[in-house]
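Lifted from TrEMBL, the feature list:
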BINDING   68, 71, 168, 201  [4Fe-4S] cluster 1 binding site
DOMAIN    68-214  domain 'NADH:ubiquinone oxidoreductase-like 20kDa subunit'
DOMAIN    234-316  domain 'Cytochrome-c3 hydrogenase C-terminal'
BINDING   239, 242, 267, 273  [4Fe-4S] cluster 2 binding site
BINDING   282, 301, 304  [3Fe-4S] cluster binding site
Ligand code: FSX
Ligand code: SF4
Ligand code: F3S
């Protein structure tokens, strides 16, 4: 259906790719790997290529609310454009405060114009949490002084689909950390419509572009987990695909940052890694052209894709230990992660064994 609509952008995708020196062959390789990432059978690869080409028929409005813009940075920060960034550019971006040239009145007009021109037909991406206390007055945007709460409700009202990009938009993020004086909430809690949540502070560019591509291909949302995150991206624990998992299983832990274990690439659980409680594809997809991710860089996962991670996962450099475990543990059976309990026991056993080992060393 999209094919029959006129493109909203002047340059076709194939011209953009060839201008950047990306061959058709590389593009087809990308569609194959994106198809696999989306957990689709490889036969969907040509459909994905087609969807990428007609993405310029899809108007996208991208709002910035209470956040740090790291999500946009995650998507666009690279020295050479990748197919993901080119695709994002290819989608008809009608409004994006950081990327558009317009400012002031003109910027606001762009937003109003896009909402009027494509009612019910645009994708809405929101970056940042929504302050709701005192009727939202802790965040106002633009010359008219509208609150973020007002803007997001209005834009959501006429959107074909809504994507919360990042943990702030999904669950409130750092702004919603206790005591949350601004009453910040996730978009899904204020708009009264289904919202797809891309947890992560920030999420990877693959998870953002993959979600947009999925919607363009099928015109509907993908299978979601209990927190409305796409299962293809958030269906597995960080811990299950971590390259240090063998060290964890062998009971080889970093005891303090900079020790011999750290140099050897031992498991970071005892210096606070929350990979066992966190669902995301960071170990397999990584960030910045697939170069690295937190654990590879030497720090534990801080659980940034989970609701209330700022409160629930603290202290970031200490294990949760036997503290009341956060909601994921309590509802582990609901999300089918029965193995989580077994692993929690495993962690306890390793930690205890290693405490005894230390005691013996010291005695
Ligand atoms: Fe939040 Fe995105 Fe963290 Fe920042 O904007 S998810 S603070 S990386 O940028 O919203
Ligand atoms: Fe990797 Fe962290 Fe799990 Fe250790 S605890 S294996 S560092 S995810
Ligand atoms: Fe966040 Fe943990 Fe990935 S901190 S970026 S979910 S490794």
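Every residue gets a Cβ built from N, Cα and C, even glycine.
What TrEMBL says about a protein is an automatic prediction, not a curated fact.
On the structure: features taken from TrEMBL.
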residue : record                          : DSSP class
68      : [4Fe-4S] cluster 1 binding site : coil
168     : [4Fe-4S] cluster 1 binding site : helix
201     : [4Fe-4S] cluster 1 binding site : coil
239     : [4Fe-4S] cluster 2 binding site : helix
267     : [4Fe-4S] cluster 2 binding site : strand
273     : [4Fe-4S] cluster 2 binding site : coil
282     : [3Fe-4S] cluster binding site   : helix
301     : [3Fe-4S] cluster binding site   : coil
Cβ-Cβ distance under 8 Å, sequence separation of 6 or more, same chain as residue 242 ([4Fe-4S] cluster 2 binding site); the residues meeting this, in order, are 248, 275, 283, 295
Over all shown protein chains, what is the count of other CB atoms within 10 A of the CB belonging to residue 239 ([4Fe-4S] cluster 2 binding site)?
-> 25
Could you state the whole-number distance in Å separating the C-alpha atoms of residue 71 ([4Fe-4S] cluster 1 binding site) and residue 282 ([3Fe-4S] cluster binding site)?
-> 15
Residue 301 ([3Fe-4S] cluster binding site) and residue 201 ([4Fe-4S] cluster 1 binding site), Cα-Cα, nearest whole angstrom | 11
So which binding-site residues are near residue 301 ([3Fe-4S] cluster binding site), with CA atoms within 10 Å, out of 68, 168, 267?
-> none
Neighbourhood of residue 304 ([3Fe-4S] cluster binding site), C-beta criterion under 8 angstroms, separation at least six | 167, 199, 200, 201, 278, 280
Residues near the [3Fe-4S] cluster site, 282, 301, 304 excluded, by Cβ within 8 Å of the Cβ center?
-> 200, 238, 274, 275, 278, 280, 293, 294, 295, 302, 303, 305
Write out the long-range same-chain contacts of residue 267 ([4Fe-4S] cluster 2 binding site), meaning residues 6 or more apart in sequence whose Cβ is under 8 Å from its Cβ.
-> 244, 245, 247, 248, 252, 253, 254, 273
In sequence order, those binding-site residues of 239, 273, 282 whose CB lies under 6 Å from ligand 2 | 239, 273
Shell list ([4Fe-4S] cluster 2; ref centroid = CB of 239, 242, 267, 273; cutoff 8 A) | 238, 244, 245, 248, 268, 269, 275, 276, 295, 300, 301
Among 68, 71, 168, 201, 242, 273, the binding-site residues in the record, which have a C-beta under 6 A from ligand 1?
-> 68, 71, 168, 201
